[in-house]
Structures are given as C-alpha cells and as structure tokens.
Amino acid sequence: MTTGFLQKIFGSRNQRLVKQYQKTVAAINALETQIETLTDDQLRGKTGEFRQRIAAGESLDKLLPEAFAVCREASRRVLKMRHFDVQMIGGMVLHYGKIAEMRTGEGKTLVATLAAYLNALAGRGVHVVTVNDYLAQRDAEWMGRLYNFLGLSVGINLSGMEHDQKQAAYAADITYGTNNEFGFDYLRDNMVYETDSRVQRPLNFAVVDEVDSILIDEARTPLIISGQAEDHTELYVRMNALPPLLERQIGEEKADGTGVEKPGDYTLDEKGRQVFLTESGHEKAERMLAEWGLIGDGESLYAPQNITLMHHVYAALRAHTLFHRDQHYVVQNDEVIIVDEFTGRLMPGRRWSDGLHQAVEAKEHVKIQSENQTLASITFQNYFRMYAKLSGMTGTADTEAYEFNEIYGLETVVIPTNRPPKRIDKQDQIYKTAKERYDAVIRDIRECHERGQPVLVGTTSIENSELLSHLLKQAGLPHEVLNAKQHAREAAIVAEAGRPKRITIATNMAGRGTDIVLGGNVEKQAAFIEADESIPADEKARRIQQLHDEWETLHEQVKTAGGLHIIGTERHESRRIDNQLRGRAGRQGDPGSSRFYLSLEDPLLRIFAGDRVRAIMDRLKMPEGEAIEAGIVTRSIESAQRKVEARNFDIRKQLLEYDDVSNDQRKVIYQQRNELLEAHDIAETIGAMRHGVISEVVRQFVPAGSIEEQWDLPELEETLRNDWQLDLAIQEMVNESSSINADEILDAVTTAADEHYEAKVALVGRESFSAFERSIMLQTLDRLWREHLAALDHLRQGIHLRGYAQKNPKQEYKREAFELFAAMLDAVKQEVTRIVMNVQIQSPEQLEEAAEQIEEQGGQLGNVEFQHADFAAAAAAATAGGAVVADATAEMVGHAMSHSGPAGEVPRVGRNDPCPCGSGKKYKHCHGKLN
C-alpha cells in the first residue's frame, strides 16, 4: 500500500528511467537540424571523428547524443526510415546494458542499430544475436546498408560457413548471427590446436533479439559438441517391444492401501511428466527380459551387471508414454526431428540426450543413430554472462523481469509505444469439451471472414494445428497453415496474414520476427517484383506503384473490419507466450482484438485448475456448448500459469547453480588451453609437472621423514625402470652411504629424471620438442576433460539420492565435482610426464610420428555433432534434492540406476590407488597407464 502511494507521487522506477532518457532524446533532437545540413561524406566522416575522440579518452556515454543523431540521419537517408523518439529511448536502454520491452511492430530491428553503431565505434566488436539464420541474414543485409554508409563493416555468422568466412565475420565491426552459432564457435575455439584456428575475439557487447526466447526458454538446455560413443542400437530395438506389453496404473497407492483405481505396471504423473515402474511392472519387465535372454533367470534389474538395462527400460518407457509424434517431434526423411515446445519450429540436428532420442527412433522404426559422448558443452546462461556488456529486446519481458535481474543482472525497461495501442483483449471463453471449444472457434472465424477481417489462430502443437485445419476445410473456409512442417514458406505466409478475409493457423510463435501488416506486406511483394529481372524498369515502377495504391485500399478495408483478430485455442504454460500471440495484433496503433478459447480437457486446465472450473460449471448447470466467460476463471488460469512459471524459474536457477560448478572448471581448463596455445615454450610447465609426479612416485616407496627400514627400494627401482625409463641403482647408493636420507634419494631421482629429459631434447632440438610437448599436453587435457564431463554427468544424475541420507545434494555435488576435477588435473600431470619420459625418438621426424600415434591412441572421436540438447536431461540435475518437480524425473531414476556409484574421495591419486574414473582397476592399470 505504501509502495503504491509512493509510486503515485514519484512514479515507478520504469517511469523515472523513461523520463530521464527523454531528456537525452531532447538533446538528440536539438542536434537534428545541424546534422541534416551535413553532406553524405561529412556524415560518414563523423564515424572517424568519433573513433578519434574515443582514442583520446572520451566515453561512449558522452558521445551518445551525437552518435545517435548521426545514426538517425543516416537511416533516414539510406533506409528511408527515421527513428521515432521512443526508438531512441530503446537504443539508450540497450546501450546501458538493459532489456528493452517494445511492443510488436515498434521497430526493434531499427532500434538495435543505435546501440550497435555507438558500441562498434570502440573497435572491440558487437554481436547482434537472433533466433534463426533467416533473421540474421535478413537483418544483416537490411541494416548493413546503414552501417556500410557510416563506414562500419558488417559480418554474418551462419551455420555451415567456412573457417575463413567465420574469421572475417567476427573481425567485422558488427556481427549478426544466431545464439547457437555464437555458442558453438566459443566451444570450437576452445578445442583448436593452433591460435590461428580461433575465430572469435574477446566477447565485448551483445544485443540479443527475442531475448526472452534465448535467455529464458532456451537457457535450460546446453549446447553440446559430441562424438560417437559405444553403439547400443540392437538393445534399443529389443527394448522397444517392452512398453506395449506394460499397462498404465490409474491412481496412486496411499498409505492405507487405497487410491488405485486400476492396477498396472507403471504410473504416469502428467503434472511432473514422470513415469515410474510399479512393483508388478518391475517383475513383468524382469520376466520379459529373461525370456529375451537379456538377463539371467531370476536376476534383478538392479543387479550390478544389469545396471545399463534399467536405463534402456526407462528410455523406452518415456519414449512411448511422454513423447508423442506431431506434438514433441515429427518424422521426416527417416529421421526423428524435435519440435521446439515454445516456438513450434522444427529443430533439425538437435537430439534428446541420454538415449531418449534413440528410444524414440526405435519406437518410430527409423534408423537409430549412435549415442554420443560429450566433447564440450555450455549453457546459454553461462555463455552470455561472459560478455563484458549484455542487452536485449523483446515484445514480452516484463513477466520475466525478476528472472532477468536475478540470473543475468539485467534490468527490464518497458518502452512506451509510438502511438497508443487500440487492441481489445476479450475475456477468455471456457468450454467443457475440446469439441465445443473448436465449434466456437470455427463460429468466430466464420464471422470474421464474412466481415473481411483477417484472423490469426494460435495453436500449441502441430497436431492441433492440423486438426483445426481439417475442421476449417470441412467448414469450407480457405486458410493457410503455418507450423514446423511449412518452415520454408513461413515468411511469405506471415507477410500475407494481414490481408482481408485471410485465415492463418500458426503453431505457437512460428513466424516471429516478421510483422503482420494490415492489408498485406506490400514491401515483400515489391521486393519480389524488384528481383524479377525479366520485367523492364519502367514496368517495375508502375507495378510497385499499383501495389501501393491497392494496399492503401486494403489497409483501410481491414481497419474498418476491426484489424487483425487473434484467436488462441489453448493457454500456454507461460503467460509470456500468450502475450506474444496477442502482440501480433494492434501494431503501431492499428486496431485489433484477441480472445482465447479453452476447454477443461486442455493440459493446463486439467492439471492445475480443472476441478475448480468444472465445479463452477456444474453449480451453474451450464448447458452443452455454453461457455463460461468470467474474470474469476481467467484469474484462476493466470494463477496456474504463475505456478508453472515459478516452478520453471526454480528449475533454471537450480540448473544454473549446478552448471556453475562445471563452468568454473571449464574456465580453468580453457584458460590453461589458451595459455598453452600462446606460450612459445612450455618447458617450465613440463618441468614443474615432472618434479611433482616424480616426487609422488618416490614418496610412495620412500616416505618423507621415514627411516631406512620403512623404504621399499627394490619396488622403487622397478617402478622407475618400467614406468619412467630411469635405470637407477638406488639400493647400491644407499649401501655405499650410511647417512643418506629420504630427501636425498628424492633429489637423486629428480636429477636423473631431468638429465633423461634434457638428453631427449638435445636429440631433436628445443623448438621441435616444445611443439611435441604442447601437442601432447593439449591432446591429454582434451581427452581427460571429455572423460571428466562424462563423470560429472553420471555424478549429477545420481546426486539427488544423497537427499535420502540427509545430505544436501548440491553441496555433495560441489564437493565431489571438485575432487573429480583435482583427480583429473593430477591425471593430466601423470600422463603427460609419462609420455614425455617414455617416448623413444632419434630425430624430429620420429617426434611427429610419435605425436600422431598418441593422438590416434587417445581416441579422437569422429562424426562430431553440434546439438542444442533437450531440457529433460538438464532438468534432472536441477531438481536434485526433491525441491522442485521437473520434466525428467524418470530420467533421473533411470540414470541413478545406470550410475555405478558415487565418485570416491580422491584428493590425490597414487599409482596403486583405485582409479577415480570408477572402473575398479588400480590407477596404474587404468588412466595412469601409458597408451
């Protein structure tokens, strides 16, 4: 109450910021007359002048009014578009490292040019990040004319580009590209073996378009570069026969034995999207697997030798019960392609992790691709936080403002519209059944069609969009369907969605990034005419003028009919996605309207609010086909959405806390790699490692401060001779000197190791040997880092079970991950020292051969894939401790079974200690063994 009273007097934080920025806009407008008098060359020359002033110490903030005025004037001349005052405010918000929320149609693409131009003047690079290649290419070509006019270079970073093209794109002043490609390039840069092979510069400033989609919807899933691992194709095919033999149990058994309506083999929790085998399900699964010869008669699925089978059972079960064709994925060209749950777009190349994708492939009887081993991974949360300055734009950020601030430290500023919005958002209508809902939708569409009003219908899945398309065909209503299957025609369909009587069905936010202009997008049609070389120039001009005249008539016709009408056929889990759909109408002060039609059979209502709404309908004795249209129901639905959003935020926050652990380790490894790549000579590093390793070897047999009776000299001599190529008569040395102590023995062995090393260097020369050492160090570091990532995955998937032992899973994960990391660094030292001490060379040519041989033996993985992984696996770890219910609890259970046990405490690994990888072998026979 006090807050509201103070806001009335002083205004909200948002209002105060906008008012502050408006003063700067006034200063920019005051410069406009002066800037307009400049010739094109003088205007272009301002860029060089600004750069000199920056070099002399002037700040970007001080340059802002003049730079924005120059950018606006250049845009007016080149693009025939003058930035509105509100767009100037948007540009300032981006420059100051905040998020600008701007309504659809307010010109976000043009706003980005202001902040990009100003920050590019510093010469450290600006990345403009979009959600797909089409938008990156469109914006780079469209806005590139403006930047080129002002003397700045523009690069486009697309997937599949050649290495030198990427280097050129990143060297440009402003680089357009997709979030995935920027992230993958960062990972690839940290896998190279030569400094010249890197493409990125240090991450300076990023403007993220559709920031909510990239930093929130996509943040939960990591980017993964992977290579093929062991092949279990046959096992997936065998396991695929199991789920159809199992029956679902209806109801959960309570403590008193009641609650089960229909006994079965597995339970399904739709709210948490979990699946669990019941006791009878376990017995039936074990019986079937024994019949198929996959386990022995009477054996348990939990027996150590059957651990991996449990993982495959759950993968198959999840594939059959939780993942549905044309909703979660489509099958095209003998391939399972994931459908993005937020945008409805197809995501070719992206695969679910941990065997789920293979299980779905087996279910659909398409070719099963091999499982992969992770080579490198990073989440968008951690990638984008590495930029020195980060900003973003979207039409819907305010509902997630808390998360942006909490995770990324980004403040959200709502930018006023250039013209007052005229869209009318009508009350939701709720029906008892989906059939009644669709009947009402068809009625509404028919009414709009008859009065010439264009309609955009939003659905939540491909399946629903095709069902609605079928109903419209039956009703004789012509329409266009825009879902993942029509991806190639997306821009063309959206461009025409504002024409009179046009009916367009869109899956979620497919087509985002292209404006729906009332009367149709005349610029798109004009571009097609311009591109047609067979039409003479004067004929082109005549046709384009005719198009503009026709558009004026159509535009007025649609405005009179009420503008674009938005129909939502289902509420999404997130209010933000609903707002994005609504936001397609009423652009730039145009009229428009929106309404959501819901049914009690919708997942959101059924899971969160169905019983309450059904009770209201029963109490009111609602006849069939009659809808509830009440504020209390809409508020109830929004409350359910807030619960889901809060749950998803908790998942993302917990995921980040887990990922921060591996992120800190990733930074250490990548920093060490970069130092190795840039160092001219790493002899000092190799020497320090050698001394540490030799000291550890000697101390195993001759402990510090011990007496002669405690020494095991024969074993020490044998170990040095077999493992380190050092032939020393230590027993003889001790016999000859009665006063020798443990430290002197260590000194003698260290000196011998140094001499052995120097003799190798002398044979081939310091420069050649240094290159060999660098190569071996990088290969060993990369291989052990890969194995470490796999170990962290296993640790994370089973860590939630520590909660049952009254331990904090998060703290346990941090502790054990650190111990694994320390063991990995020790293993790197051991292995590099072992290779350098054992390599037999006589010439530089032999040295190159040895390096190649070690690389082959190191198991370089082929068929490298770049994936933006599925949320399911990531959420599994985030929900550790049971604080939050996630999409993939079944996956957690499956992997808890497949994990061979918690990582042991290994502060330092001795030769005879168990190997920290969990194989059960001694370290010297496992990761301590020379390949």
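Just so it is clear, glycine is given a Cβ too, placed from its N, Cα and C backbone atoms.
Source: prediction; values computed, not measured.
Residues Q87, G105, E106, G107, K108, T109 are recorded by Swiss-Prot as ATP binders, and the candidate that the same record lists for that site, out of D515, D532, D538, is D515. Non-local neighbourhood of E106 (ATP binding site): V86, Q87, G90, I415, T417, N418, R587, Q588, each in the same chain, at least six residues away, with C-beta under 8 Å from its C-beta.
The Cβ of T109 (ATP binding site) lies under 8 Å from the Cβ of D139, W142, M143, D209, each of these being in the same chain and 6 or more residues away along the sequence. Long-range Cβ proximity for D515 (ATP binding site), meaning a same-chain Cβ under 8 A and a gap of 6 or more residues, is found for T104, G105, V494, N521, R587. Residues Q87, G105, E106, G107, K108, T109, D515 make up the record's ATP site, and a Cβ search at 8 Å around their centroid adds M102, T104, L110, V111 from the same chain. For K108 (ATP binding site), the Cβ neighbour count at a 10 Å cut-off comes to 25, with all displayed protein chains included. In the structure shown, the C-beta of Q87 has more C-beta neighbours within 10 angstroms than that of any other entry among the binding-site residues Q87, G105, G107.
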